[in-house]
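Enquirer: Mind having a look at this structure? Questions to follow.
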């Protein structure tokens, strides 16, 4: 489902994040106090509560609008969840014209603002108090599973009550662990730089950044700050952890920093554990931060007063070479004091202020004295022009204070050499101005981002229109609130790398403008001071507009410098592009891994479905087989019952027929015996008839009795026979049933064995398919990683070469400026030498006149003409010799200065070339090491996958062998149990038969009955009984 359009509030969850009111009606008196890649931060007052707040305006239009919108939503969600004394307080958020207004708690400044104002490191107790507040805030964040990922002095804010606040959560991670490339380069932990290559990281990256911040507060800049930011990344990833010099700091502080900067995250303590460190818990004053803030405010006020006096001096005093030179000297000293500060101390993430000056300014400061001191005379003369350029821009400021939305006034007509000439600003000594070379606007000498090695020797081209010099007044506030919590506090507030630390404050500050002269309206009022009532005009401007005295320890020059540096987007775009590329790489990799995961899940689901279908088919087949067996058993039981009944019926019918035949034969025999007995008796006539009748009757009775006995015996025999045959039939049928059950069991077990073999074959097939998919997915992931690392290395090399080209071009420009300025400097020195020559000539002329007068007083008058001629010739000879000496001095000076300049430039070029080559070599070595580690990781992952596949195959085979063995055991057990059951049933039947009077042998004899086949029809069976007649029914001689 595609993401919603940036700024759309159709989603109720997103709409709930923003207030529905118009922020321009709620907040007033907006004053810009910070600037960065996200936009700007403003001081403001709420009309409803009269509360002072800071507003971070973030635009989500232009390139990557969807990404900007998601970043805004993430920061809002993050801030809404925080509730801790050491995190910035969230006030609300509004939407207006494609811009999000993020309203937060207002703070007076950041730790970087303090070192920027004082131009010197903080004390250990002050750093410890700041660390305690930071650790408390970090411990709270880490307990919620959050990571800040951009801890630095510029993001550590202070309130008027001395409470430390963590700000700028634009780079924060909502989940822990994380693995994205986010943060400010100089403060990044090694595991963040290597996040994509070596896995994830946790909240201990904030502990590393805190350690770097401690070094920043102790040395005014973080390690590797004189390097290109890209180069710093490679050094952080490869080199050992930075340390503090133990001679300058206590053991507890050095130990604390050393623990924070443990290279291995596992050895680095957590933020909660560091809260118990001796450095943080040792006794100190409870008001150490309050005193620091008060001292900083006092220093800022001193800066205001000093610069106000300078501005008044510029406006009120007529041009004077001596005064101008003094003023220019002060300005140059101030420029030197803040020279390195042109380089901001952070290249922030998308939500941090990005601002990086040219690092060559700080890395090449060793050549700052390569231009001869004589060249500075030119700049003493040029100070007046700087002051005029500054005064020409002041009028617009006061006017803008009344009308902040109006356009600035048009430029005044240009004077000589293209310099702007404000009305009433033409000096009485304008004839001298026409002979002076063009000089730069004071803006360039004070706050140019490209700080030259020798600020006294580089004079940029004149500006076509007056530009306001950036004042260092107590203007709003911290680094980009930034200072209030968002984005980019670091740039404005960090002190840069100014080498001037120590000495009186007045010698270490930049010339600034009072806070009440920061607007065009105020400047316009000050311009009126060039008239006779200038002093009254300045007082009126101050009274009318007030001192803008809202609480802050941030100077106006920081804000102005942020705005100027943000205009130089090249380095910002380069670093932002690099971060964006790393994030895109991470997103592509995550997307591919998610796709692989989804494909694997779908693959496993398909395989599981196929296997489940097979098992379901197996179950269905077994159920069908069991049903068939059950039906077969029931059918056979019915057949057995029917066969038993039929056999009983047939035997009964046969026996009835036998009895009928027996009765018929018995009657025949009885009749035959009766006739025979009658014949035999009738032949014996001697026996009386009565006796013969009695004898016949007796024989008849005996025969009937015998026949009755025979009949009874036959019935008993038939009964025993039918019972025996039925027992035999039942026994045989039981044996047949047992055999049939055995066959059914064998069929079932055979079916199960066949199914088990099919299941195992399918499992092996699935294993092969899964293995093939895993290898294919791993190959695609490895290929993507390799392509990404190659692209990343190409980008890094391209960025490094761009940086080298930029440094070389800037060095060439600097040398060209030095060469252009050299004739001016040499001309000034030549003029000084010629002036000395003229003064010497005047002195010698005076001495000659006095000497001539003395000689003529003692010389006779007739010889005076000759003496005068000789003295004149001597004078001409000495003056000629003196002129030649001065000309030779000028030539020697030209040659010496040219040689020194050439030599210093060659040395500077050589050092710069060596430094750039060293950085390129470090980058190449880092990339080679990175490639080697990446290849080793891929090989290791490949081996691990092969091992996993092999182990899985082994486990699968072991499982199949175990299942087969279990099946064999189950089959043997079931066969055994079935055999035992049948044996017991047969034994019980035989015992019952014995109890009924049947012997086992008689039961196992072959039956004389023809049983129907088990599968055949009982109707087709024939029962054949042995032939029986009456003669066989009686034993021989029974008659």
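Cβ coordinates are placed from backbone N, Cα and C, and glycine is handled just like the others.
Copied straight from Swiss-Prot:
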DOMAIN    27-280  domain 'Protein kinase'
BINDING   33, 34, 35, 36, 37, 38, 39, 40, 41, 56  ATP binding site
COMPBIAS  341-350  compositional bias 'Polar residues'
COMPBIAS  359-376  compositional bias 'Low complexity'
COMPBIAS  377-387  compositional bias 'Basic residues'
COMPBIAS  388-397  compositional bias 'Low complexity'
COMPBIAS  413-429  compositional bias 'Low complexity'
COMPBIAS  444-454  compositional bias 'Polar residues'
COMPBIAS  485-500  compositional bias 'Gly residues'
COILED    631-765  coiled coil
COMPBIAS  677-693  compositional bias 'Basic and acidic residues'
COILED    835-993  coiled coil
Enquirer: Counting by DSSP secondary structure, give me helix, strand and coil numbers for the compositional bias 'Basic and acidic residues' (677-693).
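Expert: Taking the compositional bias 'Basic and acidic residues' (677-693) as a whole: 12 helix, 0 strand, 5 coil.
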Enquirer: Would you count the other C-beta atoms found within 10 angstroms of the C-beta of residue 41 (ATP binding site) for me?
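Expert: Excluding its own Cβ, the number within 10 Å is 36.
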Enquirer: When you measure from the Cβ of residue 35 (ATP binding site), how many other Cβ atoms are you left with inside 10 Å?
Expert: 27
Enquirer: Return the count of C-beta atoms lying within 10 angstroms of the C-beta of residue 33 (ATP binding site), excluding that atom itself.
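Expert: There are 32 of them.
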Enquirer: Please compute the mean pLDDT of the model over the domain 'Protein kinase' (27-280).
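Expert: Mean model confidence (pLDDT) across the domain 'Protein kinase' (27-280) is 87.
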